[in-house]
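What Swiss-Prot annotates here:
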DISULFID  CYS2-CYS16  disulfide bond
DISULFID  CYS9-CYS21  disulfide bond
DISULFID  CYS15-CYS28  disulfide bond
SITE      ARG3  site 'May be involved in interaction with voltage sensor'
SITE      LEU5  site 'May be involved in interaction with voltage sensor'
SITE      PHE6  site 'May be involved in interaction with voltage sensor'
SITE      ARG22  site 'May be involved in interaction with voltage sensor'
Amino acid sequence: TCRYLFGGCKTTADCCKHLACRSDGKYCAWDGTF
């Protein structure tokens, strides 16, 4: 299952669609896409 907004992650692949893994905070954040 994918990680939702502010969920923990190691890479962007861990996050749900339209989310990207922040390298500084290790959490999923919106990547700016719709």
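Heads up, the Cβ atoms here are built off N, Cα and C, so glycines get one too.
Sequence features annotated in Swiss-Prot and their locations in the structure.
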| residue | record | Cβ within 10 Å |
| --- | --- | --- |
| CYS2 | disulfide bond | 12 |
| ARG3 | site 'May be involved in interaction with voltage sensor' | 18 |
| LEU5 | site 'May be involved in interaction with voltage sensor' | 12 |
| PHE6 | site 'May be involved in interaction with voltage sensor' | 12 |
| CYS9 | disulfide bond | 21 |
| CYS15 | disulfide bond | 23 |
| CYS16 | disulfide bond | 12 |
| CYS21 | disulfide bond | 20 |
| ARG22 | site 'May be involved in interaction with voltage sensor' | 15 |
| CYS28 | disulfide bond | 23 |
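For the pair CYS21 (disulfide bond) and CYS28 (disulfide bond), the Cα-Cα distance reads 4 Å. DSSP classifies CYS28 (disulfide bond) as strand under the three-state reduction. Spatially, by CA atoms, the recorded sites ARG3, PHE6, ARG22 include one closest to CYS16 (disulfide bond), and that is ARG3.
When the Cα of CYS2 (disulfide bond) is compared against those of the recorded positions CYS9, CYS15, ARG22, CYS28, the shortest separation belongs to CYS15.
Between the CA atoms of CYS28 (disulfide bond) and ARG3 (site 'May be involved in interaction with voltage sensor') there is a gap of 7 Å, rounded to the nearest whole number. Listed recorded positions near ARG3 (site 'May be involved in interaction with voltage sensor'): CYS9, CYS15 (candidates CYS9, CYS15, ARG22; Cα-Cα distance within 10 Å). Between the C-alpha atoms of ARG22 (site 'May be involved in interaction with voltage sensor') and CYS9 (disulfide bond), the distance comes to 8 Å.
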